[in-house]
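Listed in Swiss-Prot:
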- Ser92: phosphoserine (MOD_RES)
- 153-173: region 'Disordered' (REGION)
- 188-354: region 'DNA-binding region' (REGION)
- 453-603: domain 'SF3 helicase' (DOMAIN)
- Gly479, Pro480, Pro481, Asn482, Thr483, Gly484, Lys485, Ser486: ATP binding site (BINDING)
- Lys560: SUMO cross-link (CROSSLNK)
Amino acid sequence: MANCEGTDGDGSGCNGWFLVQAIVDKQTGDTVSEDEDENATDTGSDLADFIDDTTDICVQAERETAQVLYNMQEAQRDAQSVRALKRKYGGSNLNKSPCAKPPGVHREQRVTLQELPVNICNKQARTNVYSVPDSGYGNMEVETAEVEVTVVNNTNGEEEGENGGENGGSIREECSSVDSAIDSENQDPQSPTAQLKTVLQANNQKAILLSQFKHTYGLAFNDLVRTFKSDKTICTDWVAAICGVNPTIAEGFKTLIQPYALYTHIQCLDTKYGVYILLLIRYKCGKNRITVGKGLSKLLHVPESCMLIEPPKLRSPVAALYWYRTGMSNISEVSGTTPEWIQRLTVIQHGIDDSVFDLSDMVQWAFDNDVTEDSDIAYGYALLADSNSNAAAFLKSNCQAKYVRDCATMCRHYKRAQKKQMTMAQWIRFRCDKCDDGGDWRPIVQFLRYQGVEFITFLCAFKEFLKGTPKKNCIVIQGPPNTGKSYFCMSLMHFLQGTVISYVNSTSHFWLEPLADAKVAMLDDATGTCWSYFDTYMRNALDGNPISLDRKHRHLIQIKCPPILITSNTNPVEENRWPYLTSRLTVFTFPNAFPFDQNRNPVYTINNKNWKSFFQKTWCKLDLQQDEDEGDNDGNTIPTFKCVTGENTRTL
């Protein structure tokens, strides 16, 4: 016979059948006991207490009792700690809270809460407790009382019969003792919190803070700072005076501020308002007054109304000396690198150098950097104040505008005299020294050949042009529009630093005044009217002979007209209207349009580097080598200009 599924066989293993034999002692006809009911149904209720679980229930009850007692004690301690902390750090804002009530109301509420029974579970009473307004700082006693009542209600449970009265009594006694201590502190007018409340309630808080700062530190706060009218002005260095700081927080503040700053100088002195902190800080990035105030308020738990925040004085030796001297004393905690403005104002040599301004040093700087405009001189020299003591003294002076005008005037005088003493060859050499190397002369020659100009012919005319030979003192580049006439001539003027005159100013008597200080001049796009003016008034100028110039607010001056380069769409030689200009002009024609590549870049690049290479290549052809043997001991054809006293170089 096959085995049944899921079994190990009949009578084998643990799944087999077993026989149960019941032994019945009672037989039919025996007398039934009185405490037995024959008609009763067997419900199994007689087995309810079959297992003895009294031991487990007792153990569980003991554990719950201990846990409830522990929770109650912890809640007591937490409530006392919260009350003490709120009293310390939040008491100053109690009266300023919009939800705060007069002190009498709080005392009445505290009395009412103390009179409540500990086992209170009335919904109406609990609603009254929760309805007390809170601003976040005030009403600390009400909050703690509410916490204690709730804890007792949750923890008493079944045990309030025996221990409820004792626990409730102890809680009420502790609450009463703490509240009485708080009331006594509130009533003490000499406590730091009460003193700080007077500051917060004052009409002019800043005046009280300034007065207390001077009384504490012995100097005025404004002696160390300069005023920023806007709260949004950004600065990296700030000075802050914080009043009413808790001593414990003030001690930890020295460590908490380190991640935000590159330099800190902290002083802490005790006052009747609490700890008064004086802080000089350099942040890692620029911040405005609002950001600084929020950051310090978060670290110190002090409202921003108890702070004075301004940037330090960066040019006051007295302020810098105060930070320097107090930084070496034991009342200050200093960390980081000392700011450069403190070092500059406290080092003796720097103080001596900064006190004297030398105009010649400023003129020498402007001359060496070829700066002659007033605005450029003022801005450029002011940027050197961090590294140049004379520039720092210039910024301290009240006569900056006068110094700038005098410097620009003297620099122009020196530049004009230097240019006047140079020959054309020296001037070209001087301009070549100002340019970088790496140019190529070939694009210039290729462009002339592209326009059909013979290079040798142009070179001969250009040599006479640079020498200022009479009747050869003017070169005209004429041709159709867009042939590169202005591009070619303007690049040459830029390299030689020539002067450009415009016929649009011809109605003025002074439109030719720039020719007085020029080595080379240019007039762009001369029209028929302009050629008529030249034919009438400027024949001597085109000849290269001396002419008389009228200058504004000055006497007439007699000069030899510099070489003039003119561009025009009209060929004056072919016109019969100006027969007297034919012998005075050397004309080159550019007939072809200027070429560009596919990217609209010039095919022939003409710049300062290429012109330098061109002059170096054709130096002998242009007959410019006559001044090479003339020079100073250093081999320079141009003497070095110095308007300051030289310094002896110390040899090692």
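Each Cβ is built from the backbone N, Cα and C atoms, and glycine gets one as well.
Owing to the predicted nature of the structure, the values given are computational and were not obtained by experimental measurement.
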Quick one: which residues besides Gly479, Pro480, Pro481, Asn482, Thr483, Gly484, Lys485, Ser486 have a Cβ within 8 Å of the ATP site's Cβ centroid, in sequence order? Thr567, Asn569, Phe590, Ala593, Phe594
DSSP three-state assignment for Lys560 (SUMO cross-link): strand
For Gly479 (ATP binding site), which residues of its chain lie six or more apart in sequence with Cβ-Cβ distance below 8 Å? Gln451, Lys485, Asn569, Thr589, Phe590, Pro591
Please state whether DSSP places Gly484 (ATP binding site) in a helix, a strand or coil. coil
Which same-chain residues, if any, lie at least 6 apart from Pro480 (ATP binding site) yet have Cβ under 8 Å of it: Asn569, Phe590, Pro591, Ala593
Looking only at Lys485, Lys560, which of these recorded positions has the biggest number of Cβ atoms within 10 Å around its Cβ? Lys485
Cα of Gly484 (ATP binding site) to Cα of Lys560 (SUMO cross-link): how many Å, rounded? 30
Confidence summary (mean pLDDT) of the domain 'SF3 helicase' (453-603): 91
Neighbour count check, CB within 10 A, over binding-site residues Asn482, Thr483, Ser486; minimum at Asn482
Candidate with the highest Cβ count within 10 Å, taken from the binding-site residues Pro481, Gly484: Gly484
Name the one residue among Pro481, Asn482, Thr483, Ser486 whose Cα is closest in three-dimensional space to that of the residue listed as 'SUMO cross-link'; these are the binding-site residues. Ser486
So, three-state DSSP: helix, strand or coil for Gly479 (ATP binding site)? coil
